[in-house]
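Peer 1: What Swiss-Prot shows for this protein is this:
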- GLU333: active site, proton donor (ACT_SITE)
- HIS364: active site (ACT_SITE)
- LYS473: active site (ACT_SITE)
Amino acid sequence: MTQTNGFDALHAHAQRLRGAAIPALLAAEPERPTQYAWQVGPLYFNFARQKYDRAALDALFAIARERDLAGAFQRLFRGEQVNVTEQRAALHTALRGDLTDAPVASEAYATAAEVRQRMGALIQQLEATDVTDIVSVGIGGSDLGPRLVADALRPVSGARLRVHFVSNVDGAAMQRTLATLDPARTAGILISKTFGTQETLLNGSILHAWLGGSERLYAVSANPERAAKAFDIAPGRVLPMWDWVGGRYSLWSAVGFPIALAIGFERFEQLLEGAAQFDAHALNTPLEENVAVLHGLTAVWNRNLLGSATHAVMTYDQRLALLPAYLQQLVMESLGKRVKLDGSAVDSDTVSVWWGGAGTDVQHSFFQALHQGTSVVPADFIGTVHNDDPYAENHVALMANVLAQTEALANGQDSSDPHRSYPGGRPSTVILLDALTPQALGALISMYEHSVYVQSVMWGINAFDQFGVELGKQLASQLLPALKGESADVADPVTRELLSKLRG
């Protein structure tokens, strides 16, 4: 990005604005509170407290045009091989809508719709049995997305099926889950793109034995033959996924099977509809009015021009408490890259460390550092305008904290006592859902997916591979024999010492 024609001008704006007070920016642009705000379907965004002005934004958009961002969106949606290292398309958008005339994308959409019909039929069959509980086994993209959506949208009471998620290879996770369930009234779903994932295979074996066989086991995999063979699952209970959908983008596919079981098939389809509606915004809206583009460019601005190494996400709706963990994978696995598409080194920093939690709990943990620490941490504050729980006063108090915290972080407060002085200048974006509906959550997740893609295009990196996760898995596999007491050649001296401790 630093090699683009417009970077010097952008850098000059950063030098000008780095020390600017956010109240001064608001005073200089009196219409800023509304001009930097957007309503896209059920989502409202306000960027007024970010540390840029119109001139800086124009410079950002100029670089986005130089990077052919609009063309990059076309290539993504049309099913071109945007995942260049693995020579694949990244057609997660086709799982929820058909927005182009590209045959590849249209075929993917039709294929996904057929599988969704199969999934709906399996759900009807399950609901007609005496099964009351589902154990979903997966990890990473096979777990975080489904777990987030199921937790956010599950009914407070009256659910026909209860869905439990197990991801960690630590046996305690499976033990605690199964201890509360009756094997005679439980079914299991094993989700793995390759069905070679150690955690899923080990946990799947435990679940298979606990259930007494495969009669109530289902699987989702891009390798359905291996899935069926590994646990003797009938082919009719194995749903496919595809190599043109990355794990962290897969909740819209049959990976969403546990979502549909938890919230109902109709509401699962509404989730997809909400995502497709935001997809249309991302694909068809001019850059300057495109919220996904603005969100992604804001992240680039804060990372590369203002030097922020971390980004916080605060969800002021308890039902979205798992969103920060989901976004950690979506953002950091997609953007944690050090080489460009052609294999050359990047010319700027890439991903920030993403983290966060649920408000107001986080105000009593890490907000001290946000307000008075030496690091400036940009943040997203996410809340809901309307809440359907019966405790209206609580919701009012919750939203009062969103307003108060974003104002305090931005404006600060002087004091003669340095211990009680707040420097301010902490930028934030406020995102409000009209209500936490399937459509709104689908749109929100879609927005973050496209924001990630924007950042990858600006940095010239591949958002759709994840080779960085492989080395540790390979070493773990090699060390298993040594941990079991078998002879093994372990070269690393620290690892040898740790092995001796673990083996006693």
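Cβ atoms are placed via backbone N, Cα and C, with glycine included.
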Peer 1: State the Cα to Cα distance, in Å, between GLU333 (active site, proton donor) and HIS364 (active site), rounded to an integer.
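Peer 2: Rounded to the nearest whole number, the Cα-Cα distance is 29 Å.
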Peer 1: Determine the minimum-neighbour residue: among GLU333, HIS364, LYS473, listed as active-site residues, which Cβ has the fewest other Cβ atoms within 10 angstroms?
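Peer 2: Comparing Cβ neighbours within 10 Å for the active-site residues GLU333, HIS364, LYS473, HIS364 has the fewest.
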Peer 1: When DSSP states are folded down to helix, strand and coil, where does HIS364 (active site) land?
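Peer 2: Looking at the DSSP assignment, HIS364 (active site) belongs to a helix.
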Peer 1: How far is it from HIS364 (active site) to LYS473 (active site), counting Cα to Cα, in Å?
Peer 2: 36
